[in-house]
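In case it's useful when we look at the structure, here is the feature table from TrEMBL:
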- 20-97: domain 'G-protein coupled receptors family 2 profile 1' (DOMAIN)
- 113-371: domain 'G-protein coupled receptors family 2 profile 2' (DOMAIN)
- 116-136: transmembrane segment (TRANSMEM)
- 177-198: transmembrane segment (TRANSMEM)
- 204-222: transmembrane segment (TRANSMEM)
- 229-249: transmembrane segment (TRANSMEM)
- 269-294: transmembrane segment (TRANSMEM)
- 315-333: transmembrane segment (TRANSMEM)
- 353-370: transmembrane segment (TRANSMEM)
Amino acid sequence: MSSAASLKTLMARWMMYRDECFRNISREPQMTGLVCNRTFDKYACWPDALPNTTVSVACPWYLPWHKEVRHGFVYLECDADGQYSKQKNASECVSRDPAQINMQHYGRVLSQFRTMYTIGYSLSLGALVLALGILVTFRKLHCMRNNIHMNLFASFILRASSILIKDAMLERPDDFHVVQLLFTAVGCRVAMVMMQYSILANNYWLLVEGIYLHSLLVVTVLTERNYFGIYQCIGWGAPLIFVLPWVIVKYLYENEECWVQNINMEYWWIIRSPILLAVLINFFIFIHIIKILVSKLRAHQMGYSDYKFRLAKSTLTLIPLLGIHSVLFSFVTDESTSHGALSLRLTKLFIDLFFNSFQGLLVAILYCFVNKEVQSEILKKWRRWKLGRDIEEEYRHTYSQSLQMKSGSIMVPPSNLSPEEKQMLVSNSQNGMGTELPFTSTPQDSSTCSSITEDIVMVDRGKCCSVQQDNAKSNL
């Protein structure tokens with residue numbers, strides 16, 4: 001429909017039609033034997049039907065164009081097993097009005113978009129949970145940069161979860177009890193509020209990533225421990241400043257259904273304006289960082305092909321981290337595409353939904369799964385575990401041979417080794433045999449992490465979290 005008010009009227013008429021269908025179903029006597037049972041399939045009300053027959057009912061009277069199709073019918077087949085077919089023929093109930101045809105096409109496209117972004121958010125959710133678990137588990141990866149990454153991952157997880165839950169709440173069952181509908185509406189509104197908060201939090205943690213990276217490259221003095229509290233206030237606290245007024249306005253002036261529709265678009269700017277502000281600030285930070293990268297790459301006097309490759313790699317790596325793709329259609333608003341710009345609106349929706357849904361997956365891959373230090377820590381953990389198993393097997397084998405050789409005494413080999421014994425065996429094998437274990441390394445501070453350029457800018461390699469700010473800039 002062309003407006004939220006029309007949609008509200010359509011919803012009310014649909015509920016009246018549904019209630020009337022259920023009343024008729026409960027009053028009419030039920031047929032005996034093998035039949036297709038009466039039902040309401042969210043579109044039309046179907047009576048009992050004999051197998052291998054085609055049932056026809058009048059076009060539903062709740063349709064906004066019912067006057068055009070009042071003499072038409074919708075058809076549904078009852079198969080030999082006594083089950084209604086899932087596909088119905090409603091061609092006679094379709095409006096011939098070009099405007100309605102366009103809106104029906106728009107609805108079908110939106111349904112396909114929903115399938116696409118549901119897949120994207122589901123994949124992102126799984127990857128982000130795994131990435132967050134890896135960063136939390138390995139304490140050597142805990143530094144300022146990775147702490148910000150972990151909060152960014154958490155905001156992506158919250159965003160994906162809230163959107164999937166909101167969509168599930170909108171798919172409410174065909175239950176016409178008032179208490180159930182009220183409960184569903186309240187739960188759906190809570191899901192909507194959480195979705196708006198998570199989207200704002202996600203955008204502001206992307207802004208925090210940009211601010212932190214910019215501070216590493218520009219600011220001369222950086223006290224990371226003091227600034228992390230400010231970053232948390234920006235990422236998790238700032239969205240509350242905008243979500244709470246939006247909730248109050250929606251409750252007072254647009255307390256309709258699930259709060260999905262925006263009847264007065266001026267209220268919607270309470271959510272849109274802070275998102276637009278964060279996107280623009282990150283875009284300017286992105287441009288400034290690219291300028292710094294260009295100047296530093298030129299200072300290295302490298303070849304033109306290598307220069308282009310490193311600059312392109314750095315730029316493409318920064319785009320998902322800072323959410324720069326959001327700038328493409330930031331100024332294409334819903335109001336500007338509401339009349340005669342359906343193709344532009346669909347293009348904007350597709351790009352926004354596609355990149356936003358798969359962005360979490362891309363960020364998890366770039367900043368966790370293919371990160372050299374994360375891979376190194378996982379490899380060290382695997383080698384320690386594998387070496388411990390090998391030593392335990394060798395220990396058991398040695399005791400087994402000694403039992404066969406010593407017939408005069410009885411020795412019972414231990415069945416299990418404690419972690420302390422395994423660690424002692426590992427240390428003894430290293431000291432006694434004089435061989436360096438593959439996982440040994442020089443001691444590092446607990447906040448050690450890979451360089452900002454290897455993970456974020458991808459230009460140089462080295463350690464960044466254990467050095468001062470001026471050393472980080474010189475390494476870049």
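Any Cβ shown, glycine's included, is placed from N, Cα and C.
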Pull the DSSP breakdown for the domain 'G-protein coupled receptors family 2 profile 1' (20-97) and write it out as helix, strand, coil residue counts.
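Per DSSP, the residues of the domain 'G-protein coupled receptors family 2 profile 1' (20-97) fall into 11 helix, 20 strand, 47 coil.
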For the transmembrane segment (269-294), what are the same-chain contacts with Cβ under 8 Å, counting residues 6+ beyond its ends?
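Those are 196, 199-200, 203-204, 206-207, 210-211, 213-214, 217-218, 238-239, 241-243, 245-246, 249, 311, 314-315, 318-319, 322-324, 326-327, 330, 333, 457, 459, in sequence order.
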Given a Cβ distance threshold of under 8 angstroms, which distant residues of the chain, six or more beyond its ends, lie next to the transmembrane segment (315-333)?
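Cβ under 8 Å, 6 or more out: 203, 206, 209-210, 272, 276, 279-280, 282-283, 285-286, 289-290, 293, 344, 347-348, 351-352, 355-356, 359, 362-363, 366-367, 456-458.
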What mean pLDDT does the predicted model reach across the domain 'G-protein coupled receptors family 2 profile 2' (113-371)?
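Across the domain 'G-protein coupled receptors family 2 profile 2' (113-371), the average pLDDT comes out at 83.
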Do any residues, 6 or more residues outside the transmembrane segment (353-370), come within under 8 Å Cβ-to-Cβ of it, and if so which ones?
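Non-local partners: 113, 116-121, 123-125, 127-128, 130-131, 134-135, 149, 152-153, 156-157, 159-160, 317, 320-321, 323, 325-326, 455-456.
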Short question: which residues 6 or more past the ends of the transmembrane segment (229-249) have a Cβ under 8 Å from it?
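Distant contacts of the transmembrane segment (229-249): 148, 151, 155, 193, 196-197, 200-201, 204-205, 207-208, 211-212, 267, 270-271, 273-274.
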